[in-house]
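According to TrEMBL, the protein has these features:
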BINDING   Gly558, Ala559, Thr560, Gly561, Ala562, Gly563, Lys564, Ser565  ATP binding site
COMPBIAS  1-15  compositional bias 'Polar residues'
COMPBIAS  250-277  compositional bias 'Basic and acidic residues'
COMPBIAS  278-287  compositional bias 'Basic residues'
COMPBIAS  930-951  compositional bias 'Basic and acidic residues'
DOMAIN    541-741  domain 'FtsK'
REGION    1-48  region 'Disordered'
REGION    250-303  region 'Disordered'
REGION    890-966  region 'Disordered'
TRANSMEM  91-111  transmembrane segment
TRANSMEM  123-143  transmembrane segment
TRANSMEM  155-176  transmembrane segment
TRANSMEM  210-232  transmembrane segment
Amino acid sequence: MATRTSSAPQSSSRTGKPARSPRSGGTAARSKGTSTTRSGVTSTDSGQPWPARVLSGVWLALAHAVGGGVRRIGTDVSHIPADERRDGAGLFNLALAVFIATFAWWGWQGWFPDAVYAVVNGTFGWISLLLPLMLGVCAFRLFRRPQDHRGNNRVGIGFLVMAFAGTGIAHVAGGLPAASAGFEGLRAAGGMLGFLAASPLAEIHPAVPVLVYGALAFVSLLIVTATPFATIPRRMRGAWEHLMGVDLHPDDREGGGGAHDRSYLEDSERRAREAAKERRKKGRKGLLGRGGADESDASEGYAGDEPYEQAVVDTIDPDAAPAAPDERAAGRSQAEAAIEKIRAAQQGRVGTKAPEGATEAIPTVGLPGAGGAAAPHVPSTPVAPTPPPAPIPQRTEQLQLAGDVAYTLPQSDFLVQGTAPKERTEANDAVVAALTNTLQQFNVDAEVTGFSRGPTVTRYEIELAPGTKVEKVTALSKNIAYAVASSDVRILSPIPGKSAIGIEIPNMDRETVSLGDVLRSNNARRTEHPMVMGVGKDVEGGFVVANLAKMPHMLVAGATGAGKSSFVNSMITSILMRATPDEVRMVMVDPKRVELTAYEGVPHLITPIITSPKKAAEALQWVVREMDARYDDLANYGFKHIDDFNKAVRAGKVIPPAGSERKVRPYPYLLVIVDELADLMMVAPRDVEDSIVRITQLARAAGIHLVLATQRPSVDVVTGLIKANVPSRMAFATSSVTDSRVVLDQPGAEKLIGQGDALFLPMGASKPMRVQGAWVSESEIHKVVEHVKGQLSVTYRDDVAAEPEKKQIDEEIGDDLEVLVQATELVVTTQFGSTSMLQRKLRVGFAKAGRLMDLLESRGVVGPSEGSKARDVLVKPDDLPAVLAALRGQEAPSSDAGTGPAEARTAAALADNASANHRTGEYEESSPYAEDRVAADLDARSQAVDYHDGSDGEDGSEDAWQLTGR
Ligand SMILES: Nc1ncnc2c1ncn2[C@@H]1O[C@H](COP(=O)(O)OP(=O)(O)OP(=O)(O)O)[C@@H](O)[C@H]1O
């Protein structure tokens, strides 16, 4: 097989003009002499005699015609760029295969075929019968997979070894003919090659060549089929299972560890690498001119945003630019330019043209011109490898929704694989040299001892000699920034958990952190909790996942374009990937109207996406009501956390009181996402703040979690009360240190470099962790959403965004007047507004008692629900006759109170009561529920008490986030 030749990549100077590179010999040679033909074979344009040019033209035309046809067989791969095809070589292999077949298989005769046959057959013996097959396979690969040089070379070498081993075996099988037996004897066995290969070994024993060449033939088979040794047992088992239709080791499918898993991962890695290569090719072909690896498979025009979108388009002169073999090379040249900048800065040559050869590999010793300090070769921390897009193991429990609907979670390969992480690049070594130089120039007795490269920034570790002050390094921040030619240098002193100073410097070649990789990482696989989301990658390259249920509420803030919406998208997509609508329901508030529209109609939604700030404020009030309802249940059945309640319900241990028609179901987690808090706070600041404070103070145990995003982290939006109750923070780049303080209570976010670079401060953490947020493209979101919508259609609740209804009492009372009158008497005379009491005393079900309580509230007899507390009774026993009369639609008996109708009085009392409650912070989680507990349904409690084990709910023992290992 011919190998492709290409000219060496050339470097370009900062002006964008091609630089003379000592390695390539300058541009002159390139433009004048060689060119790469479409088939990838290097030829010279000039100086060829015309018959040769005509012949080569005819050959290539034929090759392209045949190659074009072969590429369309089965899966059409005609998209392979013309400059990567190797049709000439493919046609050569094909022609040879056909030619040998004509006489070896079909017996073509004549002086020419006879002569060739004698040579081929004399060399390989009867193994020559297999040559057309081998050549045909090579030709097929060259036509269809020309870019896979390694694969093609491997198959070629494998066939050569196989043919050689085959001749050895054929020689033994042919009776070990001696050379004296003549040419004919050898041709009937393994030919001359077989004779040479086998006869020396056969001297020892005739079985020896069989064993040796048998083993070699087996190895050649492994080479051709790219089968690692480790996978042989599994593949054989797979083949056996396939043949027999059995499943020998079902457990292995659960993605357990062990050798099987490893080899499986190896396989998937290889497949992923090939897929990524293919994607890159497509991307290069120019899909919409956007994309790169992640976007290249963007289907049906769902291009959406790109990661690291730039307003400024690089103005590279296409003619002057070197022909980069692939994007990685493009990345490299970017990094080279960066290194060059650092060198120039160190040498005081900023703005001047670099001397020739400046982009050669940076030595890890001191750079010239700045004192010549020796830069040590510092170790880099290994980064977590990109997990292959292997399917996430099936959930152990059945995903059966209520109503017996089978629900399948989206496949993990809907989310693409990200770029492979790099452990170190030349730019890192250059920065180490620059830092070492700077420390030496300023006589600081410290050294760079290592670095860890994250997707966005690299953190260099500096250790001080005993007696050296930390301030000596921190005071150098400007000089360090100057030396490494970057204004976004962040100094950490110390790195949490280490006696070292950290200097975070942005990478010139950032890596995209794909949400798919984060969700496929071991950390995410370790838990099946439906509220786990992929956050991103930390500075050490470890995957960060977080459990939203443990946060329990989060503030996401940052300037425009810093990456909030992308984060929210990752969060929602994580939930859709991992949770059924029975497990997590969402309320999405998107006043910007465009950010979340992609999710419209997913069955996890409880209400259509809310875009009106006013409706959003009402929706928050609905959430408060929902929370109250959940608390009522928790209190009535004696549970402290919704997880415990749900467990008991699933175990069939929560039984509604006799007479109740209610069917108790587990409560899903409720995730409320507000994608611009500022818009809501402008419309109804008090109501919104009240609802948020109320929800955040209580909702954790009710399984309700808030995520509030804003680009205006000012004190009028993120008020003190909101801040105090939203413990987890995600700060993207802010425009000022003041904003950073509002979000994190400390500076730092103003130094972030935007586009997903964030400081993550989960509840309980003392120091924020720097992460690069996970990225999910719109086409990925589209695939996930389509899948989810295909599983189940959405059922919205119509009461969420609607104004709480003013009840038409009289119509509503209907047949219940008598029992309502009894309830009123009961509540007013005992001055105790408890639903459970009504249930017991009036012998009605929970639903009916709740309805009676609602009626009493709307008639002003009791105050609003206050979670699990008993309601305030607003009517004094003295006023009872008037209230009863009003209920019956009769004239109110005269009252000397002179305060007007009971409703008016109670409405006023109700309003006062509500606002007073909020002002005095009566909704503290510690507020006494004793009264309500007394009134709680004792039967229900005794039924449920066994199941109240307090597990994974509130124990707080498990961290809200995990930082991985590798
Ligand atoms: N995690 C990420 N990885 C890569 N690129 C990102 C990431 N997050 C954001 N970006 C880039 O930054 C751009 C802006 O991000 P995004 O729309 O999320 O910002 P935002 O903070 O929501 O802005 P706004 O408040 O104006 O909506 C994206 O289009 C993308 O190019």
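Glycine residues also receive a Cβ, built from the backbone N, Cα and C atoms like all the rest.
Only Gly561, Gly563, of the binding-site residues Ala559, Gly561, Gly563, place a Cβ under 6 Å from an atom of ligand 1. Cβ packing within 10 Å was compared across the binding-site residues Thr560, Ser565, and the lowest neighbour count falls to Thr560. Apart from the site residues Gly558, Ala559, Thr560, Gly561, Ala562, Gly563, Lys564, Ser565, the chain places the Cβ of Gln711, Phe732, Ala733, Gly754 no farther than 8 Å from the centroid of the site's Cβ atoms, the recorded ATP location.
When each of the binding-site residues Ala559, Gly561 is scored by how many other Cβ atoms sit within 10 Å of its Cβ, Gly561 comes out lowest. Among residues of the same chain six or more beyond the transmembrane segment (155-176), those with a C-beta under 8 A of the stretch's C-beta atoms are 1, 124-127, 130-131, 134, 137-138, 141, 185, 188-191, 193-195, 197-199, 201-202, 206, 209-210, 212-214, 216-217, 219-221, 223-224. Ranked by how many other Cβ atoms sit within 10 Å of their Cβ, the binding-site residues Gly558, Gly563 place Gly563 at the bottom. All protein chains shown were included, and the count of other CB atoms within 10 Å of the CB of Lys564 (ATP binding site) stands at 25.
The Cβ of Ala562 (ATP binding site) lies under 8 Å from the Cβ of Gln711, Phe732, Ala733, Thr734, Leu752, Gly754, Gln755, Gly756, Asp757, Ala758, each on the same chain and at least six residues away in sequence. Taking the domain 'FtsK' (541-741) as a whole, pLDDT averages 88 in the prediction. Look at Gly561 (ATP binding site): DSSP puts it in coil.
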